[in-house]
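Colleague: Here Swiss-Prot flags HIS53 as active site, drawing on sequence analysis. Taken from Swiss-Prot, the feature ATP binding site covers TYR56, LYS95, ASP523, GLY560. Taken from Swiss-Prot, the feature Mg(2+) 1 binding site covers GLU97, ASN561. Residues or ranges marked as substrate binding site in Swiss-Prot: SER98, HIS99, ASN100, HIS101, ARG120, GLN244, GLU316, SER317, GLN318, SER563. Under the heading active site, proton acceptor, Swiss-Prot lists HIS99. As annotated by Swiss-Prot, Mg(2+) 2 binding site applies to ASP121, ASP272.
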Amino acid sequence: MIKSKDYLVDYNVELALKKEGLTKADYIEICNRLKRSPNRTELGMFGVMWSEHCCYRNSRSLLSNFPTTGKNILVGPGENAGVVDLGEGQRLAFKIESHNHPSAIEPFQGAATGVGGILRDIFTMGARPIALLNSLRFGPLDTPINVGLLEGVVSGIAHYGNCVGVPTVGGEVAFDKSYSGNPLVNAMALGIMETKEIVCSGAKGIDFPVIYVGSTTGRDGMGGASFASSELTQASIDDRPAVQVGDPFLEKGLIEGCLEAFKTGYVVAAQDMGAAGLTCSCSEMAAKGGVGIELDLDLVPAREKNMTAYEFLLSESQERMLFVVEPGKEELIMNKFRKWGLQAKVVGKVLEENIVRVIHEKQIVVNLPADSLAEDTPVNKHELLEEPPGFIKDHWKWDETSLPKVSIKGVHFKENNTILDWNQIILRLLDDPTIASKRWIYNQYDYQVQNNTIIAPGIGDAALIRLREIENQNQNSNRGIAAVVDCPNRWVALDPERGAIAAVAEASRNISCVGAKPLAVTDNLNFSSPEDPIGYWQLAKACKGLSKACVVLETPVTGGNVSLYNETALPNGLKQPIQPTPVVGMIGLIQDINSATRQGWKDQGDQIYLLGTSIDPSILNNQNISLAATSYLENIYGLKTGRPPLIDLEFEKLVQLFLRESIANNLIKSAHDISDGGLVIGLAESCISSGLGIECNLPEIDNRLDKLLFAEGGSRVLVSVSPNNIHNIKNSLNNFNIANSEQISFNYLGTVTDNKYFQININQTKIIDLSVNEITNKFERSIPRRINSTIVS
């Protein structure tokens, strides 16, 4: 370490660096910048601000390649949330963020405060929150620990969202052993702008007052940002001070107080206190505004006695915000919050010099360059593997010829001379918790509060929310916002680039399946340690795939979150990384919600078609669709292997365009994309959603029948069409294909029936014959059965 007398400190540097998650190189860099050593409080501030959670030091160079501009983009990355222009004077703020590590330690509060934090990102921009979604990952539901994590997380999300009065309208949940002990909790929020001007976070106005509003500051959440930037270990279980405690009723008042304050026009800048608390809010506001901030901790409302400057600055107590307001308007603004029972005090002022100066007990305890804390932060350089890791190459060598033979009867297992018939296989897939109904989860959420939810969870491929006029909430509007979260983590684990492409493509396809036009993306990159060459390779390749897909599908990235070090220390000293999980949150706009389509069949006699990639045997034999990386492969053979198919993005774009045009023209009555589980599971899900049966006749195939039934990939959508519209839609597609020099297929599959049976024939031979009641029971009972049996055992 530095030995000059000018750099003497009154603390053990090595122990302090370990606690703050900093390296010796970081410490030397800090000293060089300051021309002195930092005191212990200042070192803590650098620890949180230079963590991956706050400054993206391992991922920033990769994120810079994302497309971030477009004709509808008003605010991109760098602010609390992205904002898009919806036309007709309406603007939407939206963002996704993670709360993974806190949820692993304290699932209820970790998930609840994750919801509270993402809501603050939205209303800090001047938007009223209108919807929540979540993307969750857990280990298998065969251990009390994983069941407890699921129950705690879902209860926390439900508690906060329900109490604050914002509907949780959609999401996705998947299960894999890699998430055991390290669940993923990603929360997404949407809000409609209520203010004329978008409220930004950059401070300005020398000597303008800085106002603290919201809850009091306590010792909860100490060092949460640093905690979120390291792996989970056994010691983390005792790190409960790093988990915050939220109050949704207080947040409800904060929403109203903020929107009222913003509408006065006297708020110059606003920043919520999330990760790193006061440290992050004041340093980011100063750095973004090119000014400084002086903060007097003696004026900050405290929840506990004898708090140190370190504790004040690193506390992550919830429901707090920092404002810069015009001089002379302090009381006017503060009264907006006091009437809601909230704290509101002037705690500082804007400085001309670009520094963060903190006073505690009448002494200056912090004097740091704002840019060094929040803008000019370190970037870790990693060598990118030139070739895929060896185990990935081995997976890519797999092909379908290694599987047992199949026939009309089912799969023939030679080793024990048994046949698993197609009915049994379908029921097994529908019982997979990742595929099965999530009703046990979403029934705990209030998804109808605010009375704007048009498509609720479990009904359509994306959530759909009515856009009401801000000035007149009683006036109906025909326009709506579609929203979805997606990530095929099994695909990403086997090919991060192709898996990330598929995540964007599927999210966009889901938006299109309800009739909405995809507009923009917010992403949540959940990965393991970037210091592991494989972990960094996965992150880099996934970012490349996301960028490619967003460019082609014209869905710019407006911001998001990076969550690294998602791995669990095992008793044997090894580490268990999660499957790489780049979650894509996407929003879209529909002009007429009355034309929106759901996934369930509508009427007996409607005809069922497969739109997009053909089921022609010649297509089945190419790389567009495959049994590699499928749910079928994992559930029936216990294999997670193969190389996922590559989505043809240009073809995908055209399929979605034709789908949306057909929905808008009322040519299609239902739409459901084919993804997890393949064609037959997609058909089954539409039967379950509607309660109606089907009789389908699929083409005979020379090679593998299971590929026809369960392959994944391609750009494929199941649609149902009234017999009266068959000629019109075929004629429309023919003209579309000619105009675009493309061959989008439209394969007839069968008919919707009212006999309540799920029947599929091959060359007039019935291979699948199940009652809709039977497949529904299997689908609906999967998660509750596992939870109940694990609790009992």
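Note: Cβ is positioned from N, Cα and C throughout, glycine not excepted.
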Colleague: Is ASN100 (substrate binding site) helix, strand or coil when read with DSSP?
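Modeller: DSSP assigns ASN100 (substrate binding site) to helix.
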Colleague: For ASP523 (ATP binding site), identify the closest of the binding-site residues SER98, GLU316, ASN561, judging by Cα separation.
Modeller: ASN561
Colleague: Nearest to ARG120 (substrate binding site) in three-dimensional space, by Cα, is which of the recorded positions LYS95, HIS99, ASP272, ASN561?
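Modeller: Looking at Cα distances from ARG120 (substrate binding site), the smallest one goes to ASP272.
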Colleague: If you count other CB atoms within 10 A of each CB, which of ASP121, ASP272, GLU316, ASP523 wins among these binding-site residues?
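Modeller: Its Cβ has the most other Cβ atoms within 10 Å: GLU316.
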Colleague: Nearest of the binding-site residues to ASN561 (Mg(2+) 1 binding site) by CA-CA distance, picking from SER98, ASP121, GLN318?
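Modeller: Out of the listed candidates, the nearest Cα belongs to SER98.
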Colleague: For LYS95 (ATP binding site), find which of the recorded positions HIS53, ASP121, ASP272, GLU316 come within 10 Å, Cα to Cα.
Modeller: ASP121
Colleague: Provide the number of Cβ atoms within 10 Å of the Cβ of GLN318 (substrate binding site), excluding the reference atom itself.
Modeller: 29
Colleague: Counting Cβ atoms within 10 Å across all protein chains shown, which of the recorded positions HIS53, LYS95, HIS99, ARG120 comes out on top?
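Modeller: Of HIS53, LYS95, HIS99, ARG120, the one with the most crowded Cβ is HIS99.
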Colleague: Please list, in sequence order, every residue of the chain apart from TYR56, LYS95, ASP523, GLY560 whose Cβ lies within 8 Å of the Cβ centroid of the ATP site.
Modeller: LEU63, PRO77, ILE96, GLU97, THR522, ASN524, LEU525, VAL557, GLY559, ASN561, VAL562
Colleague: Given GLU97 (Mg(2+) 1 binding site) and GLN318 (substrate binding site), what distance in Å do their CA atoms have, once rounded to a whole number?
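Modeller: So the Cα of GLN318 (substrate binding site) lies 15 Å away from that of GLU97 (Mg(2+) 1 binding site).
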Colleague: Do me a favour and check the Cα-Cα span between GLU316 (substrate binding site) and ASP121 (Mg(2+) 2 binding site); whole Å is fine.
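Modeller: Just about 15 Å between their Cα atoms.
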Colleague: Under a three-state reduction of DSSP output, how is GLU316 (substrate binding site) classified: helix, strand, or coil?
Modeller: coil
Colleague: Counting all other Cβ atoms within 10 Å across every protein chain shown, which of the binding-site residues SER98, ASN561 scores highest?
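Modeller: Counting every other Cβ within 10 Å of each candidate, the maximum falls on SER98.
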Colleague: Do me a favour and check the Cα-Cα span between HIS99 (active site, proton acceptor) and ASP272 (Mg(2+) 2 binding site); whole Å is fine.
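Modeller: A Cα-Cα distance of 16 Å.
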Colleague: On the three-state reduction of DSSP, what should I expect for ASP272 (Mg(2+) 2 binding site)?
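Modeller: SS state of ASP272 (Mg(2+) 2 binding site) = strand.
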